[in-house]
Amino acid sequence: MSEQLTLPAETRDRAGKGASRALRRDGRVPAVVYGAKQDPIGIHVEEKLLTKMLSSGHFMNSVVMIDSGGQQIRTLPKDVQFHPVTSRPNHVDFLRISEHSKVTVNVPVRFDGEEECPGLKRGGVLNVVRHDLELTCDAAEIPDEIHIDLRGLDIGDSIHISAVNLPNGVESAITDRDFTIATLVAPSALKSEEGDSDAAEAAPEGSSEAAEPATDEAGEEA
């Protein structure tokens, strides 16, 4: 189960771009807490602590208790905006939830048993289509990660969501199709797919270039 985090915060007195820039200069990150049919609350948090939490890899699927002025608000991170050049966090959106709210989160996938996978032993390549899964579960039971066992899989095999053993009470948020998570392919097949893709992208350019000389020649003959 994903751990619960606590993030100290202070309320924002002013809104707007100018106020947000001033906060960032002081090492603070503007944020907002919204949802549960309550008014949004503008807050700001310490950038260093937020960055440390983000680096854990599980921030987006962890319950975060916002501690502001002695009041604790149970939230789930919904969006983090980053500076396009420095990649520093610019703003965070937190969704207010109750202890047992049903939530939808993206949970990382971890592949186990690679050393015992027949397909990988034969030189196959694990082609990962989805690095995380969109899941629905109780807010108090969010998985830290989803483990998928590769033992017994050979080249040509695919892993679909229907074959994944999800924890009790956890369901896929995508229910209209049995989507692929990963496939085991031969190295030559992977190269062939990449080559076909490159050729398809280059084809229109080649066709256009080939057509131009024909038009010129026709004009000269006329």
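Any Cβ shown, glycine's included, is placed from N, Cα and C.
According to TrEMBL, the feature compositional bias 'Low complexity' maps to 200-213.
For the domain 'Large ribosomal subunit protein bL25 L25' (7-94), the model's average pLDDT works out to 94. Look at TrEMBL and you will find 7-94 tagged as domain 'Large ribosomal subunit protein bL25 L25'.
Residues or ranges marked as domain 'Large ribosomal subunit protein bL25 beta' by TrEMBL: 102-187.
Taken from TrEMBL, the feature region 'Disordered' covers 1-22 (among others). Using a Cβ-Cβ cut-off under 8 Å and counting only residues 6 or more beyond its ends in the same chain, the region 'Disordered' (1-22) has close neighbours at 28, 30-31, 41-46, 49-50, 53, 58-59, 61-69, 72, 90-91, 140-144.
What TrEMBL records for 187-222 (among others) is region 'Disordered'.
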